[in-house]
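Have a look at the structure below before the remarks.
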Amino acid sequence: MRDTSPYYTVVSTTVSQVTGDGNDNQEVQIKMAKSVRRWEVFPGKNKFYCNGRIMMARQAGVFYLTCALIIITSGLFFAFDCVYLAQNVTPAIPAIGGALFIFVMATLLRTSFSDPGVIPRASAEEAAEMERQNEVANPNSPGTYRPPPRTKEVVIKGQVIKLKYCFTCKIFRPPRASHCSLCDNCVERFDHHCPWVGNCVGRRNYRYFYLFILSLSLLCIYIFACVLTNLILRAQDDNFLT
């Protein structure tokens, strides 16, 4: 398998074909090259949708629970509290709540459906070449080799940086990168695997995850304040228990 573009790769397949007639039939194997998208042969434990545009972890059940909790809570708020507050306080209350709800769902979906920063694995040829370069001679047993410590030091802007080797991806990980055991990928600037969003949190979706947490906190505070205001206003008109 070799690279042809950032989105496609070439996979070699073998097709058996029978030639000749009668008793002279012979089976001939023909190698064919087929161009496929990278997500179709992705080695990690991820699910892809919409022709590879959406990338999620396989364990996405908690993500659907997150969506249900946000939608049901906000729906009850818009159905009951917003009606009374819009009539007796200001029509801006449901408008602000709707804007916060849309922003929360947008950041949640962007965090869940985007690539967190997966580092491509080494190909079979690259892995073999790296293994050969990393082997060192064993002085105690001539003719045999032992693998060295799986770390490598590089100098970047005058500072020595230690890179760790990933046995699964067959690469030296950049600083702050780590291998996610659930998704089985090395993720750049890996923060953690969040089951509530159904994806890893890394370099490419960290900002959206931060905005999701911030906007969700504001939405919770806003709903709590509006519900409390609704109870206070209704208690002034009638008995609180009634």
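Yeah, the Cβs are placed from backbone N, Cα and C, and that goes for glycine too.
Now, the feature entries from TrEMBL:
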| type | residues | note |
| --- | --- | --- |
| DOMAIN | 162-238 | domain 'Palmitoyltransferase DHHC' |
| REGION | 130-149 | region 'Disordered' |
| TRANSMEM | 62-86 | transmembrane segment |
| TRANSMEM | 92-109 | transmembrane segment |
| TRANSMEM | 208-233 | transmembrane segment |
Average the pLDDT scores across the domain 'Palmitoyltransferase DHHC' (162-238) and report the rounded value.
89
Helix, strand and coil residues within the domain 'Palmitoyltransferase DHHC' (162-238) as assigned by DSSP:
32 helix, 20 strand, 25 coil
